Amino acid sequence: MTDLHRLSVREMAEGLKSAQFSSRELTQHYLDRIAKIDQQVKSYVTVTAEHALAQADAADTALKSGQATALTGIPLAHKDIFCTQGIKTTAGSKILDNFISPYDATVVVKAKTAGLVTLGKVNMDEFAMGSTSESSYYGATKNPWNLDCVPGGSSGGSAAAVAADLAPFATGTDTGGSIRQPASFCGLTGLKPTYGRVSRFGMIAYASSLDQGGPMARSAEDCAYLMNVMAGHDQKDSTSVQKDADDYVANLNATTVKGLRIGIPKQYFNVAGLDTDVKARVEESLKKLEDMGATLVEIDLNMTDAYVPTYYLIAPAEASSNLQRYDGVRYGYRAENPKDILDLYKRSRSEGFGAEVQRRILIGTYALSAGYYDAYYVKAQKVRRLIQQDFLKAFESVDVIAAPSAPTTAYKIGASLDPVEMYLGDIYTIAVNLAGLPAINTPVGFDANNLPVGLQLIGNYWSESQLLSVVHQYQQATDWHTKRAAIAEENT
Ligand code: GLN
């Protein structure tokens, strides 16, 4: 079969269960596509072909003996931020180029337990800092819709791999938009869960109070399948919530769009730099939801102007602390012939970290330093609380909040060299992380250059089922999520 990659995850699971094809055939099909197409897309940092085929054979045995669970034998790609025992985990950094984790992240353990097959590890901005995937030590990943463009970031490898049909779905992480924005740039569905819903154990830390893993796939339904695997309490993560996860697949039709109150923040649609095509597509999608029975309610989110400065203090502050562990001593890159221990630290870090990571360590260290702590860090924490309260107030009168996922569509590789310009592109995503809320991206059409546009729906705490369900129904009524980039249409 040449078109296995066109099946949905549910169809793949059905095909495996009814023995229309084996997990080995499905896995080999993806490995063949990666071998043929990924030289152009550059989504994978590491392809684990042998390991994948061994997992596929084990899945086939389980399928034959009736031991299979819902997803046994289906392949996936992991963002290279999730630790994988015996397989290199780089976080896109030179400083971890030689790092092989002695243990698996909880998300990776859960994927294995579910019988999923790991195709490999996919590219990302270094330590998840960025919006383009260009800051990776392994080079820029390309957007499957236009190979001259970025796939977004930081989970750009996850997005590009799925959009080019080099994996049916992928894990991602979102500290300030890194699932939703690349999903938007690549025409995918991506869910950032409530903080604490998915375990962070073994997920390399960027900003611990904001980091959250989640699924990226073609549809809400496919995301729901992966979310069923990823979500749940984990004793190994002290911020993991002690609350059962939903059955996100069973709940796909639990919320109806009819009667849904969708908040439209006034401030969001007047942001300087909001592309006219993005605005138009998002407004059309809201009209569609209205036709499906939703009510649009104008709301105020008065703290909008504070999002970027607040996030770009708190995230670097936490990063500067988290990244202290890369000192050239215990693991990772070590500078050659150090004069003394200080020289070892300094050169290992200067040579091992890229420019964007160093910039953030400097900003974060400055913001946390004795003389500036109150003026910057403490103040940012107070503003963070006000941003959260702004959302909670809005949720008193609406069920979900709509926004673009990004002010623009994908831009050219190399176009965003000014960091501040790149930071401003995070305006629609970062407040959600500061508040710890869940949010989802769904494709809603294309701009004049045939690049995907995404709609973001933000929910109240623990509303993942509702968000997936609303997007699922929107996707039943539209076909934007079924559109494929030309490169994904190529056969092996
Ligand atoms: N673009 C944002 C940043 O650079 C978000 C990244 C993320 O979510 N990991 O920090």
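Each residue, glycine too, has its Cβ placed from N, Cα and C.
Annotation source TrEMBL lists active site, charge relay system at K79 (among others). On its own chain, K79 (active site, charge relay system) has K121, V122, M124, S155, G157, S158, A170, T171, G172, T173 as residues at least 6 apart in sequence with a Cβ closer than 8 Å to its own Cβ.
Annotation comment: TrEMBL describes S154 (among others) as active site, charge relay system. Counting every protein chain shown, the Cβ of S154 (active site, charge relay system) has 34 other Cβ atoms within 10 Å.
Residues or ranges marked as active site, acyl-ester intermediate by TrEMBL: S178. Long-range Cβ neighbours of S178 (active site, acyl-ester intermediate) (same chain, at least 6 residues apart, Cβ-Cβ under 8 Å): M124, D125, A128, S131, G153, S154, S155, G172.
Residues or ranges marked as domain 'Amidase' in TrEMBL: 25-468.
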Just checking: which of the active-site residues K79, S154, S178 have a C-beta under 6 Å from ligand 1?
-> S154, S178
Check the domain 'Amidase' (25-468) for me and report the mean pLDDT.
-> 97
